[in-house]
Amino acid sequence: QQHNVTSYGATTAAIISLEALAGMWINAFIVCVLCIGWVQKKTLNSNEKILLLLGCSRISSLFFSWAYSFLSKVYPKYFYVRPVLQLAEFFQAFFNHCNLWVSACLCVFYCIKIANFRNRFFIYLKVKIDRIVPWLLLGSGVLALTIGIVAYDIADKPYCNNHTSSRQGNFGKLNIKMDKHFFPSFFLAGFAYAASFMAVIMSAVFLLFSLWRHKRKMQTKSMKNLSMDAHIKAMKSILSFLVMYSINFVCFVLKMVYVTKKLSHMTFLIVVFQYMFSGLHSLILIFSNPRLEKTLLKIL
């Protein structure tokens, strides 16, 4: 049985490591191309700023998630100590939520930039979007930092309780299941998932409505083709992200259900998809961006 457990753990670690490396390579490609362009042009547009930060956050998210999974299985005695576990929880929560919120910012940016509405507030956002983007990214970072601090605090409570119990001689309490202490963190993370998910859904709905209105009103074929292409490209990026985001949200909920089950095949499938999520969506972003697609095809 010990041999089977070891084989299962080795197989899991190998698959997760391959997925993490592939995802980091894809996002590193986006970051490198954008940085080279930044050096050449001395400037970045709003779309490139979001993509650059998204690529960096996904590289960091994949790395810390992989390190968390690897160290917790290979070196559990050195991992579940203070402050290693607390710092691991902080960085994992921070970069995961940076990834979520920056992705949502990208969808909102596409919606405001491409959709056409006569509402005064929407027109104001459309005009000021380039100035709003840095504040959106800053807000995403602050929210992610807040969740990271809360995750650190929640991870620190079991350690404090166990340390106090050992001093008092209540060694029976040392076997506290840490899983129940992470439920508040799961709840907070679920709220962040739901809020960013709603932003993506609203962006998709507004773009679809704008596309429908445009299709009805435009009569000139050339104008129709230009605007239709812009709408369709944005919809591909947002809808692909919406589909993967929906599955990722379901995986997050299932992960809360199976979190107490060690070596569960369901947990393994959930983790596999979550690692796949960042790489797949980044590939879609590459092929929806002419410059990134052209550079990738040259390399291949």
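Placed from the backbone N, Cα and C atoms, the Cβ positions cover glycine too.
Annotated features, as they stand in TrEMBL:
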type	residues	note
TRANSMEM	20-39	transmembrane segment
TRANSMEM	51-71	transmembrane segment
TRANSMEM	91-112	transmembrane segment
TRANSMEM	132-152	transmembrane segment
TRANSMEM	186-212	transmembrane segment
TRANSMEM	238-260	transmembrane segment
TRANSMEM	266-288	transmembrane segment
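Listed stretches 20-39, 51-71, 91-112, 266-288 were compared with the transmembrane segment (132-152); the greatest number of C-beta pairs under 8 angstroms is found for 91-112. Remote same-chain residues near the transmembrane segment (51-71) are listed as 13, 16-17, 20, 23-24, 27-28, 30-31, 34-35, 38, 44, 78-79, 84, 88, 91-92, 95-96, 98-99, 102-103, 106, 137, 271, 274-275, 278, 282, 285, 289 (criterion: CB distance under 8 Å, separation of at least six residues from the stretch ends).
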